[in-house]
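Structure, as structure tokens:
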Amino acid sequence: MDFLVLFLFYLASVLMGLVLICVCSKTHSLKGLARGGAQIFSCIIPECLQRAVHGLLHYLFHTRNHTFIVLHLVLQGMVYTEYTWEVFGYCQELELSLHYLLLPYLLLGVNLFFFTLTCGTNPGIITKANELLFLHVYEFDEVMFPKNVRCSTCDLRKPARSKHCSVCNWCVHRFDHHCVWVNNCIGAWNIRYFLIYVLTLTASAATVAIVSTTFLVHLVVMSDLYQETYIDDLGHLHVMDTVFLIQYLFLTFPRIVFMLGFVVVLSFLLGGYLLFVLYLAATNQTTNEWYRGDWAWCQRCPLVAWPPSAEPQVHRNIHSHGLRSNLQEIFLPAFPCHERKKQE
């Protein structure tokens, strides 16, 4: 089987797996299928191996550690090393614009700056000292966030839109999610840095992909490779087609083509996620609220069995006040007074 077919099959499998993970997180029937599949595999895989895998997954995803930060920096370093070592030099020989070639480095610098801010900024940790102040920031909707609820772990009253992070073991104001790639919670005070981090990471991956593609296209055009012919295994003469051309480029520039495939897939994945977080920002939702929206009781859902004495409770977004106000809330978050004094 041709290399290109195998490579495309691999990419399709990865993308399909990610799509299924996203869909399963919101679809209860698919969750049941996933649990059933896990039970089947548990009967096949030895128990000692199951414990080892479970322990590893628990460490990676349910404890604070720097594994994914290191992986993030290693992957980013490998991409930019290859870009600098080969693509940048070849593009200079082709006399491409220097500003065009330096753009990925500019995006890298901005990305690392906001990556550091996202990792190190307090996301909005709720303590006994600021508990009362946070209780007055957002209105309780009495559906997803009822009043007078205490956190069973922190023993603090839970402000609206807050959540206890089981990984970090603290409650976070306007909790969005825990991101393993930055080893920190994403909350009210660092969501702005996280948005710019994702934006610049997407832009840097896309820019590296565009520059690398430009180099390969220039090479094909200048060498007239698309006009060449080749002889197949049966001795038949063929004009150079796209599949054969890509395989030829892979054999000639394997590291560049492999890096290009990686950053192209990464650009699509990050681009899709960026659109999602921008949608949440524009509608003043958090990832936690978006996910829990399916669990909130809704009179529009005919499959929900209501208790006889219960009034239908409709979850609606009471925090969205227009695009401008929503974005202002993210990029200019409210700080409790005593927290401002500490920072000053």
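Any Cβ shown, glycine's included, is placed from N, Cα and C.
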- Validate this pair against Swiss-Prot: His99 and Leu216, same side of the membrane or not. yes
- Message: List every residue in the same chain as Cys179 (active site, S-palmitoyl cysteine intermediate), at least 6 positions away in sequence, whose Cβ is under 8 Å from its Cβ.
- Response: Thr118, Cys185, Ile186, Phe194
- Counting Cβ pairs closer than 8 Å to the transmembrane segment (193-213), the top stretch among 68-88, 100-120, 256-276 is 100-120
- Message: Taking contact to mean 3 or more CB pairs closer than 8 A (sequence separation of 6 or more), are the transmembrane segment (100-120) and the transmembrane segment (68-88) in contact?
- Response: yes
- Counting only residues at least 6 beyond its ends, the same-chain positions whose CB falls under 8 A of a CB in the topological domain 'Lumenal' (89-99) are 211, 214-215, 218-219, 222
- Query: If you average pLDDT over the topological domain 'Lumenal' (89-99), what do you get?
  - Reply: 91
